[in-house]
Each structure stands twice: as C-alpha cells, then as structure tokens.
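Asker: Pasting a structure here, questions to come.
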Amino acid sequence: MNLNSIPAFEDNYIWVLNDDEGKCLLVDPGEAEPVFRALEENQWQPVAILLTHHHHDHTGGVKALVARFPDITVYGPEETRSKGAQVVVNDGEKFNILGCEFLAFSTPGHTLGHFSYFSFPYLFCGDTMFSAGCGRLFEGTPAQMYQSFQKINALPEDTLICCAHEYTLSNLKFLVAILPDDPALTQYYREVNELRAKNQKTLPSILKNERQINLYLRLEDDDLIDKINPDLRLSTPEERFAWLRSKKDNF
C-alpha cells in the first residue's frame, strides 16, 4: 500500500492509501473538490472512506463523494452516522479494506465519540494526537484524552502518525517556550522550521520520535515535570495533561 495526502482547507490533510491497481481508501475527506482532482490526476478509484469524528472539516466531502462513487463504503463511529457513515464501527473492531486489516479503537477527547484506525504501520488518528501536540478538548475531558494517548503509545514505535492537521510548527513553538533547554525539542523545531519555510509537510510523524518530543506522552517523567512546573510534582498524569493543554489553549 502507498500513503499519500491531499491538502484541504488551510491546514488539513486528507490521507489516501492506494494499492498498485489504483484502488484507494480515503480518510476524513472534509471537502470533495481537492479529492476529485487528486483521484483524476492519479487515476485512483476510491472504495472506502474512514471517518474519525463528526466535525465538518473531516466529513464535509462525504456526500459528494458517495454521489459520484455510489459503491464506496463509509466507515465511522456512531457520531458520524448523520455525516454519511454507513458502517458504524465499535471499539476494538477489526475489518479489512483492500487486503489490509484495520483496528478501530475509541480515542475520545477532541470529541466524545472520536475513533482512530490502525493498520501497521499507519495510524489515522484524526484530531487526537498531532506531532508535538494534541487536539483541543471540545467535548471530552483531559483524563479521556490522556487515556487515548496511552492507547496510541502502546502501538509499535515505528507506527506512522497520520494526523489530520499541519500543526507541528505551532505545537513546537509552545513546547520550546516552556522547555527551552530540551535538545530533542530544539533540534526538531529547527528541522520543522526548515520544512515549513519550503512549504513542505511534516507528516506523517513516527511514534518513536513523538515519544521524544511530544510532552503529552512524557507526563509520567517527574524530572521533566520539575523543569516545566515543580508545583505539579505530586499531581497525577491526568492533572498534568490538563495543565499542559490549558497552557497551550492560552499560549
């Protein structure tokens, strides 16, 4: 399988997995027109859509795509049924698309019904984990998002994090501001700055790298917490997650 991405809106990525025959899977098609163009340019034939959550920038293109390709199958969590999901997935459910086995699992936080999909090495995690960051908590709690991160962190280290937005640089600006002396962070910040200056994408990320630079995955490290905010030393990882996300919201 080959991984590609289609830019949409200001910073969205619509992910595409295609086989050698040109059949493809689309993830979170928030708008249809850029997808139509990419399908024509690459001679792809879509057979399935995966939806991670109900927000319009992830589901807005579904209706038009199904109208043009009526044989397409749309998978998604219960909250996406009204957005066009035909097959509602359950936590821990496995299914096959284009010969690949996918695991659907619940990752609440950004929304209450958010799901992610894993087919090694690809993780399509929508707006749960971003490179060097996490999604805003529009519906869920910090504790829920923390547990979602724990599920993702249990995947193999060479998992490719295919998140839905190009937020890496803004996430790193925040992390470097609160932890300026971390060598892994500062090095990655320089690399990402160079990529974005050339209008190149920073995704997918790799879980092994995220374990080094994504502070939301390092909240059980007491030495790290001492550097960020010693007042959090006796707090739980969930409380630390809430504090860090709140600081980012107001950065």
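Every residue gets a Cβ built from N, Cα and C, even glycine.
Grabbed the feature section from Swiss-Prot, which reads as follows:
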type	residues	note
BINDING	H53, H55, H110, D127	Zn(2+) 1 binding site
BINDING	D57, H58, D127, H165	Zn(2+) 2 binding site
Asker: Show, in sequence order, which residues other than D57, H58, D127, H165 on the same chain lie with their Cβ within 8 Å of the centre of the Cβ atoms of the Zn(2+) 2 site.
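Answerer: Output for this site, in sequence order: N12, D28, G30, T52, H53, H55, G126, A164.
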Asker: Mind telling me which of the binding-site residues D57, D127 has the densest Cβ neighbourhood, counting other Cβ atoms within 10 Å?
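Answerer: Result of the Cβ crowding comparison: D127.
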Asker: Compute the mean position of the Cβ atoms of H53, H55, H110, D127, which form the recorded Zn(2+) 1 site, and then list in sequence order the other residues of that chain whose Cβ is within 8 Å of it.
Answerer: T52, H54, H58, T111, H114, G126, T128, G135, F138, A164
Asker: Just to verify: the residue among H53, H55, H110 with the fewest other Cβ atoms within 10 Å, which of the binding-site residues is it?
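Answerer: Among the binding-site residues H53, H55, H110, the sparsest Cβ neighbourhood within 10 Å belongs to H55.
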Asker: Just name the most isolated of the binding-site residues H58, H165, going by other Cβ atoms within 10 Å of its Cβ.
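Answerer: Across H58, H165, these binding-site residues, the one with fewest Cβ atoms within 10 Å is H165.
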Asker: What's the CA to CA span in angstrom from H53 (Zn(2+) 1 binding site) over to H165 (Zn(2+) 2 binding site)?
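Answerer: H53 (Zn(2+) 1 binding site) to H165 (Zn(2+) 2 binding site), Cα-Cα distance: 14 Å.
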Asker: About how far apart, in whole Å, are the alpha carbons (Cα) of H110 (Zn(2+) 1 binding site) and D57 (Zn(2+) 2 binding site)?
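Answerer: If we compare the Cα positions of H110 (Zn(2+) 1 binding site) and D57 (Zn(2+) 2 binding site), the gap is 14 Å.
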Asker: Could you tell me the C-alpha distance between H55 (Zn(2+) 1 binding site) and H165 (Zn(2+) 2 binding site) in angstrom, no decimals?
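Answerer: With the alpha carbons as reference points, the distance is 13 Å.
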Asker: Just to verify a number: CA distance, D57 (Zn(2+) 2 binding site) to D127 (Zn(2+) 1 binding site), in angstrom, no decimals.
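Answerer: The Cα atom of D57 (Zn(2+) 2 binding site) is 11 Å away from the Cα atom of D127 (Zn(2+) 1 binding site).
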Asker: Compute the C-alpha separation of H58 (Zn(2+) 2 binding site) from D127 (Zn(2+) 1 binding site), stating it in Å without decimals.
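Answerer: Per the Cα atoms, H58 (Zn(2+) 2 binding site) and D127 (Zn(2+) 1 binding site) stand 9 Å apart.
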